[in-house]
Amino acid sequence: MKNSIIAIVLYFLVLHVFIPGSYYVFNGFRPIYSDFADLPALIKSFFLIVVPLLVSVIILLFLPKRDDIISPNIDGHPITILFYFSVLFKLVVVYMTGGFAAAINGELNGTLANYISIFLNPFTLLLVMLFVQKKRSNIILAVLFYVLSVTLSGSRSGIISMFFVFFIGFSFVAFKDYKKKLFVFLKYGMLITPVIFVLATRMRDAEYDLSMDFLLDQIFGRMSTLETSMLPVHYYDNNLDLEIFYDKYSVWNQLKLGMDAILPGQIFEFDVMPNNYYRFFFLGYDQEFVFENYMSVNLTLPIYLYMKYHYLSGLLTVLYILGFYKLVLCFKKYPLFVIVLLGVFYNVIYFFDWVMVFTQFYTSLLTIVTLKFFVWLLEAFKIDFRKLKEETNSKIEP
């Protein structure tokens with residue numbers, strides 16, 4: 001489990017900080033979200049993110065080794081059925097209710113389809129199917145099916161999410177059965193990532209140029225957390241108005257949004273997730289426009305903590321990662337719960353918004369409950385069929 005956490009942290013740093021940072025060094029920093037650039041704030045953001053995460057990795061590396069590789073414990077292949085059903089159901093819901101943006105904007109909150117969806121998280125089921133189910137699955141078919149469905153629903157994270165399957169697999173014995181095929185898929189998948197980026201963006205009805213320079217700027221800019229961190233740091237360090245920022249990111253506001261996201265009906269006044277207001281906070285967009293139009297611009301955990309606790313953010317980031325590792329260790333005898341925890345770890349660092357984190361954790365947890373019930377139901381029917389067969393045979397015999 002330690003290796004999984006280290007791999008995810010390093011992946012975050014390489015993909016979202018080091019690679020985009022190198023692109024900026026060799027090609028110049030060209031903001032994609034605005035025309036504003038504050039290079040000192042950009043450099044400061046780099047260190048605010050990199051230093052605590054690297055310190056966390058170093059500490060984890062020096063912690064004593066533990067026997068934390070988990071064996072599969074679910075017989076047969078019941079999860080395979082649920083996984084494919086969940087992916088198809090998600091696609092149907094997305095297309096019948098307005099697409100990816102409608103789901104993210106919260107327009108599905110309170111609907112029956114959204115309520116059912118929280119019991120069927122495809123990514124959670126994919127992880128369980130591969131690593132906790134004893135019977136091996138066709139990983140190439142499952143991964144292709146998942147990535148295609150994610151892309152068609154308008155999300156650009158299809159290939160990226162497969163890296164997490166690879167890293168989370170470090171914590172499970174069954175990973176050795178899938179390692180080579182998954183690695184081959186990732187190797188070739190990265191080659192078509194730009195195509196997937198364009199396709200998923202078109203699925204969002206976005207209008208954009210297709211020139212090579214623009215496409216490269218967009219890909220590296222979307223990968224980067226540096227520009228989206230530069231702007232909040234600039235606002236904070238220059239004592240600019242952040243009153244609404246702290247209101248939207250308050251515990252009470254995020255708790256209300258979290259409750260509305262997971263419960264039927266609309267309990268509180270409708271609002272979108274705090275991260276949706278990023279453009280209003282830092283880019284000068286109109287609040288009503290931001291409210292009605294989705295765009296995935298997010299704060300990272302270290303920058304959020306910097307906005308709340310200034311330079312204590314470094315220490316708090318390190319404590320969070322080490323605490324998370326200890327929490328996962330506490331549940332190593334419960335592989336399904338380990339899946340839930342490791343599945344949300346990356347999002348807490350990258351897409352930091354308590355509503356998003358809570359919603360994903362909650363849906364993953366409810367998916368596990370659904371899964372357990374489904375397995376129990378199949379086992380119960382299996383027993384009934386056996387008894388029925390025995391009774392039938394006994395009646396036939398003279």
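Each Cβ is built from the backbone N, Cα and C atoms, and glycine gets one as well.
TrEMBL has this to say about the protein:
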- 5-26: transmembrane segment (TRANSMEM)
- 46-63: transmembrane segment (TRANSMEM)
- 83-106: transmembrane segment (TRANSMEM)
- 112-132: transmembrane segment (TRANSMEM)
- 137-153: transmembrane segment (TRANSMEM)
- 159-175: transmembrane segment (TRANSMEM)
- 182-200: transmembrane segment (TRANSMEM)
- 303-322: transmembrane segment (TRANSMEM)
- 334-352: transmembrane segment (TRANSMEM)
- 358-378: transmembrane segment (TRANSMEM)
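The transmembrane segment (112-132) makes contact with the transmembrane segment (334-352): 3 or more of their CB pairs lie within 8 A, with pairs spaced 6 or more apart in sequence.
The stretches the transmembrane segment (303-322) and the transmembrane segment (46-63) are in mutual contact, each linked to the other by at least three Cβ pairs under 8 Å (pairs 6 or more apart in sequence). The recorded stretches the transmembrane segment (334-352) and the transmembrane segment (5-26) share 3+ CB pairs below 8 A when only pairs 6 or more apart in sequence are counted, and are therefore in contact.
Residues 74, 76, 78-79, 81-82, 86, 117-121, 123-125, 128, 254, 258, 261-262, 336-337, 339-340, 343-344, 347 of the same chain lie 6+ residues outside the transmembrane segment (358-378) yet bring a C-beta within less than 8 angstroms of a C-beta in it.
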